[in-house]
Amino acid sequence: MTTTISTAPAVDQDKPGRPSGWHGSSFVTQVWVLTARSMNAFWRDPRMLFFSLLQPLVMLLLFSQVFGGLSKLGGLDQYGDYINYLLPSTLVTTTMTAAMSSGVGLLTEMSNGVIARFRSMPISLFSVLLARSLSDIVRMGIQLLVMLVAAALLFGFRPAGGVMGVVGALAVSLVVGWGLSWLFLAIATWVKKPETMQAVAFLTMFPLMFASSAYMPPSTMPSWVQAVATVNPLSYAVYASRGLATTIWESPAVQTLTASLAISLVIAAVGGWIATRNFRRTT
Amino acid sequence: MTDLMIEATEVTKSFGTVKALDGVSIQVPKGTVLGLLGHNGAGKTTLVNILTTLMSPTSGHATVAGLDVMRHGDQVRSRIGLTGQFAAVDENLSGVDNLVLIARLLGASRKQAKDRAGELLATFDLSEAATRLAKTYSGGMRRRLDLAASLVGRPDVIFLDEPTTGLDPLSRIGLWEIVEGLVGDGTTVLLTTQYLEEADRLADSITVLSKGRVVAAGTAAQLKAEVGQRTVSVVLANPDDAVTALDALSRAGLHPMHDRSRNSIASPVAKSTDLATVVRALDEAGVEVGELALSEPTLDDVYLAVNSEAPAA
């Protein structure tokens, strides 16, 4: 070692014995390692696993039973059973609850110090957030698969689009859910408290969920709710999912698909930018 | 030649109208320990957050390892380790997996990460619990794992934010020994604590914070000299001896005070040999001693000595 110490900030004064190159892994490695970590929490907690898989089933049971009589109404009979109308949209709304839990999960980790450790390390914070959203999307996918299988076996879900149509609907739902998870991650880094997060999230979630085509055809709603449902991004996602699964398109197929995917990507981009910015340093 | 590893100059931090830091300056030479002493809310954690790039200062300037914390955040982060107030370990991972995770994030290969994890687990006496999930660890084990995690990248500077709060005495001493070992290896440490005893044991110099300002700074010995002394308190076996005892201690050159309600006599002492003086004086006067205790000055005593507006704790 030389006796003079350089004062130039860019020069790295490694201590002897420090492993060379341990100054942050590649972005891909970060995302991979962190995603695996978040997934691990899911598998390690059997109760959480059980209830997060049970939740969509309960929703499905409730909605199909409570709203089952609606299939006798005009407009819905073309779908056959109401479950065929309901399930593709439930795929979308379920991803929204999963997206919300993404934000809540981030805040929980922020409060127990794990996130502070990552923030004090030479790694990209976007990768911490991306890993969170990716692990949540995998979780979402598992939830939705369980729901689809149960719907087919127990509730007589037989959409006209067949397996390929349903897989398409699943894919659209996951992309939309992933986009929405960035909305909730951005909210999380902004409100910073789990309790506030819950309140803001429900305020965001329920209007989006119900003032949409998810459960009822907008034509049955008062005109002002109809107006909201028409501009609600979730409606496009629901139309897309339902169109793919049932081959009945309530609006032009290509436009609907493009709109739902484009909106998701815009939400992801804006949410990602805001979340990463809020996350870097608190002011 | 001074080689400062941490330097903060007139750092302030406001949260709305609250000034968490009000012009704090510190300097920590390479390979030394600075003890940042203060009660809750004094601004210790805020300063640590600024130095570890988690928070931006409202004004002022700070460098770590010669790097500006605002302009070279990423480089600072590759030189530091942080052990916060909460043991920041992933409860759903085993001890070894927690350390492997950190090493992998720092850029180690799988093999290197495993080796480094094994090394640290051995150092921190966690080898036997290596494969157990961190949520099954005791408080002391978690702290050790947390500290191990912050050392994975062999940082030049480590920040320990109240590392022993909530630990039992044995774990606390264990942690102290680990910190002493680190310093022996040339690591620079900034340690926050509420305990004067802890700062005294570990720190080369101590900075006392109160309400976001530096109210005292110096070595432990200098601070203690300012604070005054340790106190000997004697509980009398026989309450009637009070006058005799006061008399005897006064003649021995001490300044005893009588606490009637506790039936005890307290006297500040300057040096440890004064303890013998107390015992001898009382013995010669024929006073029977019930209990005898020597108490160290506390953080409160420091506050009282340096700042008459100290918060009542």
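Any Cβ shown, glycine's included, is placed from N, Cα and C.
Not measured: the values here are computed from a predicted model.
TrEMBL lists transmembrane segment at one of the ranges A:82-108, A:217-243, namely A:82-108. Here the transmembrane segment (A:48-70) does not lie next to the transmembrane segment (A:253-275) in space: the count of CB pairs under 8 Å, restricted to residues six or more apart, is fewer than 3. Counting C-beta pairs under 8 angstroms (sequence separation of 6 or more), the transmembrane segment (A:199-216) fails to reach the transmembrane segment (A:138-157), with fewer than 3 such pairs.
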